[in-house]
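Undergrad: Pasting a structure below so you can have a look.
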Amino acid sequence: MVAVPTAWCSVALALLLALQEGKGQVAAAPDHPAPSPRARGSHLRPRRCSCSSWLDKECVYFCHLDIIWVNTPGQTAPYGLGNPPRRRRRSLPKRCECSSSGDPACATFCHRRPWAEAVVVPGSRSPADVFQAGQRWTSAGELLQQLREISATKIRFARQHQEAEREPRPMYPRRRKT
């Protein structure tokens, strides 16, 4: 009778050890080769690209494939990325660098223009000219004119919104309960 519980304990222990060794490892896929035995010790995480800034949460979410996002009241915190201050500093001109040059989604994400350059500002100048780093206004009048155009656009949208709300909506007779 003593042999049966011992056998079950041995099986359970072997199963636990097998599961513990495979914990956290991603199955080998054609895009991601299986990690070498040396790499397993350092626990490399699969990622699609490498962000130039930890503060760019959208980039971190896009690039790191196996992080867990936890919603906290003030911010969304990524867990499983290690200690950000220990990461070596980079001065990348782009938002991120792709691991694979054949990944079109990554190339589109990493090399697209930042939001500030993509915003359309009323005026004759292109958005890239308006939001260029280090640019100074040639005169106070030019800045004032840009602000007036923005204000006029906001007022125009507000009036259109008010007019849309004022339009009478068709009244349908209420259905009586029977």
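From the backbone N, Cα and C atoms, a Cβ is placed for every residue, glycine too.
Sharing the record's features from Swiss-Prot:
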COMPBIAS  160-169  compositional bias 'Basic and acidic residues'
DISULFID  C49-C63  disulfide bond
DISULFID  C51-C59  disulfide bond
REGION    96-111  region 'Endothelin-like'
REGION    158-178  region 'Disordered'
SIGNAL    1-24  signal peptide
Undergrad: Using a 10 Å cut-off, grab the number of neighbouring Cβ atoms around the Cβ of C49 (disulfide bond), all chains included.
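TA: For C49 (disulfide bond), the 10 Å Cβ neighbour count is 23.
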Undergrad: Provide, as an integer number of angstrom, the distance between the C-alpha atoms of C63 (disulfide bond) and C51 (disulfide bond).
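TA: So the Cα of C51 (disulfide bond) lies 7 Å away from that of C63 (disulfide bond).
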Undergrad: So what's the mean pLDDT when you look at the region 'Endothelin-like' (96-111)?
TA: 86
Undergrad: Where's the emptiest Cβ shell within 10 Å among the disulfide-bonded residues C51, C59?
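TA: Lowest Cβ count within 10 Å among the disulfide-bonded residues (C51, C59) is C59.
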Undergrad: What does DSSP assign C59 (disulfide bond), in three states?
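TA: Assignment for C59 (disulfide bond) reads helix.
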Undergrad: Can you grab the distance from C59 (disulfide bond) over to C49 (disulfide bond)? Cα atoms, rounded to a whole Å.
TA: 9
Undergrad: How many neighbouring Cβ atoms, not counting its own, are there within 10 Å of the Cβ of C63 (disulfide bond)?
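TA: There are 22 such Cβ atoms around C63 (disulfide bond).
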Undergrad: Counting each residue once, how many in the region 'Endothelin-like' (96-111) are helix, strand and coil under DSSP?
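TA: DSSP classes over the region 'Endothelin-like' (96-111) add up to 8 helix, 3 strand, 5 coil.
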